[in-house]
Amino acid sequence: MSVSSAAAPRKAWTSSFFQGLQKLGRSLQLPIAVLPAAGILNRLGQKDVFGSDGLGWENVAKVFAGAGGALLDPVLGLPLLFCVGVAIGMAKKADGSTALAAVAGFLVYHNVLAQFPEDGEPQNPGVFGGIVLGLVSARVWQRFHRTKLVDWLGFFNGRRLVPIMMSFGGLLFAVLCLWIWPPVGDALVDFSDWLTGLGSWGSGLFGVANRALLTVGLHQFLNTFVWFQYGDYTASDGKTYQGDINRFLNGDPSAGIFTSGFFPIMMFALPAAALAIAHCARPERRKEVGGMMLSVGLTSLVTGITEPIEYSFLFVAPALYAVHAVLTGVSMAVTWALGIHDGFSFSAGLIDYLINWGLATKPWLIIPIGLCFAVVYYFLFRFLIIRFDLPTPGREPDAEEMEKENVK
């Protein structure tokens with residue numbers, strides 16, 4: 001066998017594995033899409049809104065708190081969302097039976113763990129357990145949803161068989177977790193302590209890695225651990241919440257260190273970058289590009305959705321994106337160093353910024369920091385685009401010029 005023929009299967013396996021990771025990353029977006037509703041409901045149930053420190057409508061506050069808490073519950077709600085979302089996202093041609101199988105497996109797994117509390121509390125693998133069980137559900141459904149049994153068991157053919165199998169699959173996974181989760185959980189706690197011990201450097205590294213992994217669609221892996229598994233906080237209701245986002249939304253004053261730094265970038269810096277790109281466009285295209293950049297800039301400012309603006313220069317000017325990734329890390333480090341704690345249920349846009357103002361620590365500092373980053377982004381992007389003649393929107397070669405180059 002030649003070297004090239006031996007390398008081909010290895011390359012194919014690597015490509016397939018990478019595509020699988022990307023697919024898993026996309027499937028994680030499905031449960032994450034539920035979080036804005038959870039965040040809003042949970043916020044309306046806080047004491048300073050409808051509660052005793054706000055409008056004084058205690059029963060209304062309880063309704064909203066219960067509704068939001070159902071989705072953000074660290075033991076049942078949030079892990080179940082990830083389990084079902086991953087199962088649907090990973091299975092080819094998934095349907096309702098895929099979700100039903102995931103729910104059946106998860107409920108069995110959840111209840112088995114509850115029978116063996118450790119130090120008075122059931123073991124809680126959190127969203128990690130939900131993701132793994134979702135992967136198992138997708139695989140079992142893919143493998144057995146067309147299986148035919150003997151005639152006298154024909155009622156359980158195909159899709160009806162999968163929830164039954166996942167009930168036993170959830171049981172086996174729960175037993176496995178009872179055995180391996182304590183050391184794994186301890187390792188994650190140690191890693192969390194190490195990351196926190198890095199201080200602003202840790203937050204800065206997370207910011208750079210987050211933007212870098214976005215380019216290949218793998219950022220959700222990092223986000224899922226840091227935002228939904230990292231750290232522990234026991235709230236007044238006695239529940240222990242995990243993850244920077246979930247802890248922040250449930251009142252942990254130390255949470256929000258891995259989310260705060262995104263607000264200056266998404267609300268101020270990227271809209272300023274969009275303005276710089278519009279100003280650098282050729283005069284005959286400036287109006288067209290300006291309209292597009294206004295749209296993506298406002299999208300980033302209001303909602304925190306940054307992909308439209310980031311993808312407008314990621315592939316045509318990757319050096320600009322590298323600068324953006326580094327500056328995102330700087331913003332994360334600065335907000336940590338200044339003691340800012342802010343968070344979001346969806347993204348670091350104006351909507352989440354205003355909704356969570358009452359939960360945040362020093363949220364007003366985000367505005368001057370954001371304005372400083374806006375100035376840096378605008379002038380730095382404009383300088384780099386003009387100095388190196390980067391083909392950002394509105395500066396691409398004309399079709400006639402490209403044709404002349406091809407003739408030459």
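Keep in mind that glycine also has a Cβ here, set from the backbone N, Cα and C atoms.
Annotated in TrEMBL:
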type     : residues : note
DOMAIN   : 15-397   : domain 'PTS EIIC type-1'
TRANSMEM : 63-87    : transmembrane segment
TRANSMEM : 99-117   : transmembrane segment
TRANSMEM : 123-141  : transmembrane segment
TRANSMEM : 161-181  : transmembrane segment
TRANSMEM : 257-277  : transmembrane segment
TRANSMEM : 312-336  : transmembrane segment
TRANSMEM : 365-385  : transmembrane segment
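Most Cβ pairs within less than 8 Å of the transmembrane segment (161-181), among stretches 99-117, 312-336, 365-385, belong to 99-117. Away from its own ends, the transmembrane segment (99-117) comes close to residues 75-76, 79-80, 83-84, 86-88, 123-125, 129-130, 133-134, 136-138, 140-141, 162-171, 173-175, 177-178 of its chain (Cβ-Cβ under 8 Å, at least six residues beyond either end). Looking at which of 63-87, 123-141, 257-277 has the most CB pairs under 8 Å to the transmembrane segment (312-336), the answer is the stretch 257-277.
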